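Record features, source TrEMBL:
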| type | residues | note |
| --- | --- | --- |
| ACT_SITE | Glu449 | active site, proton donor/acceptor |
| COMPBIAS | 1-14 | compositional bias 'Polar residues' |
| COMPBIAS | 30-39 | compositional bias 'Basic residues' |
| COMPBIAS | 40-54 | compositional bias 'Low complexity' |
| COMPBIAS | 75-87 | compositional bias 'Low complexity' |
| COMPBIAS | 164-187 | compositional bias 'Basic and acidic residues' |
| COMPBIAS | 199-208 | compositional bias 'Basic and acidic residues' |
| COMPBIAS | 218-237 | compositional bias 'Basic and acidic residues' |
| DOMAIN | 273-547 | domain 'MYST-type HAT' |
| REGION | 1-93 | region 'Disordered' |
| REGION | 164-237 | region 'Disordered' |
| REGION | 531-551 | region 'Disordered' |
Amino acid sequence: MFLVSQRTAGSSSDGTEDSDFSADLEHVRAAVRARRRSSTRLTRASLRLSQSSQDTKQGADRDETPPRTPTGNAPSSESDIDVSSPSNDHDERLAKELSLKEAAAHNLSHRPKRRRFHESYNFNMKCPTPGCNSLGHLTGRHERHFSISGCPLYHNLSADECKGKATTRDKQSEERALSHRQDENRHSTRHQAPTDGQQRYKDKVTELRRKRNSGLNKEQKEKYTEHRQSHGTSREPMLENITSDYDLELFRKAQARASEDLEKLRLAGQVSEGSNMIKTIVFGRFELDTWYHSPYPEEYARLGRLFMCEFCLKYMKSQTILRRHMAKCVWKHPPGDEIYRKGNISVFEVDGKKNKIYCQNLCLLAKLFLDHKTLYYDVEPFLFYVMTEADNTGCHLVGYFSKEKNSFLNYNVSCILTMPQYMRQGYGKMLIDFSYLLSKVEEKVGSPERPLSDLGLISYRSYWKDVLLRYLNSFQGKEISIKEISQETAVNPVDIVSTLQSLQMLKYWKGKHLVLKRQDLIDDWKAKETKRGNGKTIDPTALKWTPPKGT
């Protein structure tokens, strides 16, 4: 039954035979005879299915006419086939499954084969080296690269040269491993004399280093100068004849090994290449996800993960380097003068001119969480007020704000940030309140520098609302002026008016602006203040500060 339906694929719909059907039929007869002679039923079924599938595929390739239905006319020689030969349900089930699989494979045969790459490859990424097509890898083991560390062109090599060097390194590794196995029986090799092989290798290295050229000739110097002028820093300098061939080869091996380690980290998702964006930072006991790009040096940015000292803000490449640094770092608080302390909260005033490196590192750190920040390195005209939370290990960074030493527009804040691990705990309002406290001491009216970030605008709107409602709650007179509110709170009149308008408390009636005292808003504010308590507030009596004179 199964053999007949399979063979009808080679016949036309009107009952005629094609030119190759008789030959195919002979193969079918041979398959049936082999099945009968076999001693194992499973072997017979497997042989018949295998033979019939091959014949069907050949018949389908040779004839493109529609297949004949099982009820159509059969060829004349078909009577020789043992249609009623004994078979079991298991054979028929296997035959049907194989038939379905072959049909599915036949339907997809027109599709071209797709080249398989690792799932982490992102073909939208490109190598940053000018003129590079991102093909090949410095290690010679990968098809593509996305960073300078794996770029053959940057290292003045081709992809084929990298593959050849990889083959040579593999052979040398096998020879070295064989030599180590031969020396396994030697115990305590530190105090024994070198073997003959080790001695020959030492003599060979000495001879290679002795053959090193003492200097570059005129043609080589011109070639190197031309290469440097043509490519600048986009290519690695030419290293030939600078040292011995042996030492240069050692350096190339170290480069390939480091590139292979970076590739493993990239495949593990710990390195971001192409975008040069740091994904996470390890800061004290926290690991923080970053929000925006920050212009750290490329050798650090391409790692995707930075390790930072939470006291001096120095950034490092690995946990090991950070651990060694922490063992030697003597800083336990920001540099500068402590101008405020209440409980475990302190504020330090840091001069950007006196502590330039610390302030630059602070700006780079802040850019990871601020979108509109543009100040990174020109920190000398600014003062930084750093808020910390102290415990038995030191003063931990909570947030900061910066302000110009001489601001013509009376900005009291240039940039403000609360660290992500301390957000939504009241520290942002403390920083804003502290900036206005300094403005009060200076007897000035302050305002934050624009544009404000989204989170900054929300924080300032909330702060201005609290200040105005607190003032109106304690106000007992009948007439009030915007100027008086500004002098009392040190908030800019423009900010006061915009806040009153957002609260629908400012109306224009008969040519005058009236401030409406909405008792419902004041009652809501009082309820929230009672629930919130006095935990996160600035105490003006704890400030020990004199406004700086000059620059």
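Cβ atoms are placed via backbone N, Cα and C, with glycine included.
Given the structure is predicted, the values throughout are model-derived calculations rather than measurements.
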Taken over the domain 'MYST-type HAT' (273-547), the model's mean pLDDT: 89
Spatial neighbours of the compositional bias 'Basic and acidic residues' (218-237) far in sequence, C-beta under 8 Å, 6+ residues away: 129-130, 153-156
Glu449 (active site, proton donor/acceptor): tally of other CB atoms within 10 A of its CB: 16
Residue distribution over DSSP helix, strand and coil in the compositional bias 'Basic and acidic residues' (199-208): 10 helix, 0 strand, 0 coil
